[in-house]
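Novice: Sharing a structure here in structure tokens format.
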Amino acid sequence: MHAERRSGPVELLGLDRPRLAAFFDTLGEKRFRARQIMQWLHQRHVYDFDEMTDLSKALRQRLREHARVGLPEVAADQQASDGTRKWVVRLADGNCVEAVYIPEPKRGTLCISSQAGCPMGCTFCATGEGGFSRNLTAAEIVGQVHVARQHLPEGAITNIVFMGMGEPLLNFDPVISASRVFTDDYGFVLSKRRVTISTSGVVHAIERMQRVTDVSLAVSLHAPNNELRNQLVPLNRKNPLERLLPACHAYIAEKPHRRITWEYVMLDGVNDQDEHARELLQRLRGIPSKVNLIPFNPYPGARYGRTPDRQVRRFADRLLEHGLTATIRETRGDDIDGACGQLVGEIRDARASKVARPA
């Protein structure tokens, strides 16, 4: 069994159903108890074992002795003028990560963090500027969703995206466990299409994803060639486009009507010209794709400028003219530093950002 803690009580919040069933095996209990606990935690929002009334008193006592359910603390709760909401979530060791809720007319998307800080060092992102502390546990990932649900109307969260702080695929097992909790019929009951893992391009882990999950995949592309992408996304030096694009194509090859979302932050005069659009079209030819163009969100000390809206529209039109689906992401939550690339949290014992070895 993969447990959240190596010693002491087992943290149940982040255990997917097979791991929760394995935990009950160690207690000599029937495996169906996993379904009961998941429903209490994720559907009824009950975290006190004494209130889980369909469990025997003896089992509740054993759970108190061998397990725990801990929610992270809300250090700050901010709401933007456009309705976007950001929670700064304090973890037990003092690290703070951020989760952002983005309401839209037909859906509500929660953007969650997978690491305290980020080791990737992307040159256009504030998160990487703060350094990297550690991976989050599955419980700390799932806990962000529980915190958000406590502050939102029932059913407000329809989509979950791993697009907050950190590189999800460098924290592979906890991220996959959390995603399984989100899609389980006894968990959050979200469609796998409504859970998205966003990566900067850890090829080995994308190939591993293909064997263990079929949630949606988004890739932070940001450049149509290796020379430019090496500058913007240092991971590209070991995971070049010649490896990344085939791995992504293979991930959706046996998934009908699925496509890869390519995230592309628009940097003034850097990656936003007509020749970049033409090159991008060539790169993505034959891969079912959607390109999400993201206006750059400046932050203190940023080395890049924001592409003018007119040029963003022109870039999108160039892609659309040649049959490639392209959307322009509306900037949300920038007045509370909750927009893409602005999440910084509060990182304890941070190490300088550097590209970690693929998981």
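Every residue gets a Cβ built from N, Cα and C, even glycine.
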Novice: Which single residue out of Ser177, Ser179, Ser191, Ser198 does Swiss-Prot record at the S-adenosyl-L-methionine site shared with Gly166, Glu167, Ser220, Leu221, His222, Asn297?
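Specialist: For the S-adenosyl-L-methionine site that includes Gly166, Glu167, Ser220, Leu221, His222, Asn297, Swiss-Prot also lists Ser198.
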Novice: Restricting to the domain 'Radical SAM core' (104-329), report the mean pLDDT as a whole number.
Specialist: 96
Novice: Quiz question: given the binding-site residues Ser198, Ser220, Asn297, which has the greatest number of C-beta atoms lying within 10 angstroms of its own C-beta?
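Specialist: Output for this query is Ser220.
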Novice: Compare the C-alpha of Gly166 (S-adenosyl-L-methionine binding site) with the C-alpha of each of the recorded positions Glu98, Cys111, Cys118, Cys125, and give the closest one.
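Specialist: For Gly166 (S-adenosyl-L-methionine binding site), the closest Cα among Glu98, Cys111, Cys118, Cys125 is found at Cys118.
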Novice: What whole-number distance in angstrom separates the two most remote CA atoms of the S-adenosyl-L-methionine-binding residues Gly166, Glu167, Ser198, Ser220, Leu221, His222, Asn297?
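Specialist: So the binding residues stretch over 19 Å, Cα to Cα.
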Novice: Rounded to the nearest Å, what's the C-alpha distance separating Cys122 ([4Fe-4S] cluster binding site) and Ser220 (S-adenosyl-L-methionine binding site)? Just drop the number here, would you?
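Specialist: Cys122 ([4Fe-4S] cluster binding site) and Ser220 (S-adenosyl-L-methionine binding site) have their Cα atoms 10 Å apart.
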Novice: Return only the integer: C-alpha distance in Å from Glu98 (active site, proton acceptor) to His222 (S-adenosyl-L-methionine binding site).
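Specialist: That comes out at 23 Å between the alpha carbons.
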